[in-house]
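Step one of this worksheet: look at the structure below.
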């Protein structure tokens, strides 16, 4: 059985999320999975509706989120990441479908974010493992 993935990718910090997208696609292919649909959203905070749309589809086995939340002048990164992570988990449970977190942050610098682009690979691997095991 070929595993079909949906990607939800934040456009904010696109220099980072583009690298992450490429790594995620490459790793999906390596694992024998297919990226069936990709939805770009403005930022991590905007992901839940796109995730929900993909979770509703019968032809998508799991959803992979890709984003990067970088520390700013305020605690905004903390708020964004906490709410996004919670909603991602809620949607996974609501639809009984793996939704994995490929979003490093919060509290990291741009340099640290560059060092963590491999989170996309981790999220793809987690999605594939969960589909196979559940």
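We number each residue from 1, going along the chain as drawn.
Glycine residues also receive a Cβ, built from the backbone N, Cα and C atoms like all the rest.
Annotation comment: Swiss-Prot describes 12, 44, 45, 46, 68, 69, 70, 101 as 5-amino-6-(D-ribitylamino)uracil binding site. Here Swiss-Prot flags 73, 74, 116 as (2S)-2-hydroxy-3-oxobutyl phosphate binding site. Sequence annotations record features per position, and here Swiss-Prot assigns active site, proton donor to 76 based on sequence analysis.
Positions of Swiss-Prot features highlighted on the structure.
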residue : record                                           : contacts (Cβ under 8 Å, 6+ apart)
12      : 5-amino-6-(D-ribitylamino)uracil binding site    : 42, 43, 44, 67, 68
45      : 5-amino-6-(D-ribitylamino)uracil binding site    : 80, 83, 84
46      : 5-amino-6-(D-ribitylamino)uracil binding site    : 10
69      : 5-amino-6-(D-ribitylamino)uracil binding site    : 44, 77, 80, 81, 84, 103, 104, 105, 106, 108
73      : (2S)-2-hydroxy-3-oxobutyl phosphate binding site : none
74      : (2S)-2-hydroxy-3-oxobutyl phosphate binding site : none
76      : active site, proton donor                        : none
116     : (2S)-2-hydroxy-3-oxobutyl phosphate binding site : 68, 104, 108
Candidates 44, 101 (binding-site residues); min other-Cβ count within 10 Å returns 101
Surrounding CB atoms that lie within 10 Å of the CB of residue 68 (5-amino-6-(D-ribitylamino)uracil binding site), all protein chains | 28
Return the residues near residue 70 (5-amino-6-(D-ribitylamino)uracil binding site), defined as same-chain residues 6+ apart in sequence whose C-beta is under 8 angstroms from its C-beta, sorted by sequence, else 'none'.
-> 13, 77, 105, 108, 109, 110, 113
Could you give the maximum C-alpha to C-alpha distance in Å for the residues 73, 74, 116 that bind (2S)-2-hydroxy-3-oxobutyl phosphate per the record?
-> 22
